[in-house]
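Colleague: Following this message is one structure expressed as structure tokens.
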């Protein structure tokens, strides 16, 4: 019971850290890009990952965690895949309307469910699917304003969806199958993610903004916000791996849509962004979907744990009954054949 409570507290802490750090970094990055005129999102992400790796390296030297070697080929491919997915998401945002980009993010949940069902044989009940449907409808109403399609943008969105889904499924699978912690996996993969984005980031940003990141004038306040963004990103990257490892890729995406609703609310409260009755209705529907998802997940986990406990009890009975029966049978045979002793 104590172990179960500790595990639940760990999950709640990971979820809270993910929400708090993600909403914080969105607010800081919005100020950095919109108000201070620093539009280089992909390059900034590469700096985030480099600072994350350096921070974890210091933590390793201070014995906050132990490094566990993982197959280098697996780590390199995993790091490159995650780096590429970030690049595709940014390109999708650049070549599509905001509405279509939000549709891309919404499509990640059903595509993840599809991949896990086909390749990992994972079962999602009708109740879970219904709650996810309600959630997606709510977020769609709250965040999607316009839908403008173009061929290149659609291809980039599909690539972003595929790479993001596979990357998040692997984040969960690698941690569980290779028995590595979120910190150990992030420490080993962050340099490869950073390298991919450090090389491609300036090119992607120049393609999207028509500006050169190296020719940008860095004022003290811009540098201060970049540093703050990088420090918050350490918590974002750590909590991302932690949440996916402790829960599932689908739960992480559900959490991501909660962040979207919170960002919309914070934008209205702090930055005075326009907020309509449609936004409010969408957020309320999304909250209902999240509540249903949480309730159904908790209910199914209890049923699963109860089933596992009863099956363990039955296995114990099966294991002990033959032994007792064999013992009685042997004793009976000894009584019938005393001369054979």
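Backbone N, Cα and C define each Cβ position, glycine as well.
No curator has checked TrEMBL annotations; they are predicted automatically.
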Colleague: Have a look at 72-93, 94-115 and point to the one annotated transmembrane segment in TrEMBL.
Modeller: 72-93
Colleague: Given 266-303, 304-341, which one carries TrEMBL's region 'Disordered' label?
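Modeller: Here TrEMBL associates region 'Disordered' with the stretch 304-341.
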Colleague: So which range, 15-37, 38-60, gets flagged transmembrane segment in TrEMBL?
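Modeller: Result: 38-60 is the stretch TrEMBL calls transmembrane segment.
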Colleague: Could you check if the transmembrane segment (72-93) is in contact with the transmembrane segment (278-296), meaning 3+ Cβ pairs under 8 Å among residue pairs at least 6 apart in sequence?
Modeller: no
Colleague: Going along the chain, which residues at least six beyond the ends of the transmembrane segment (38-60) come within the CB cut-off of under 8 Å?
Modeller: 29, 32, 66-67, 83, 86-87, 90, 183, 186-187, 190-191, 193-194, 196-198, 200-202, 204-205, 208-209, 211, 213, 216, 222, 225-226, 229-231, 233-234, 236-238
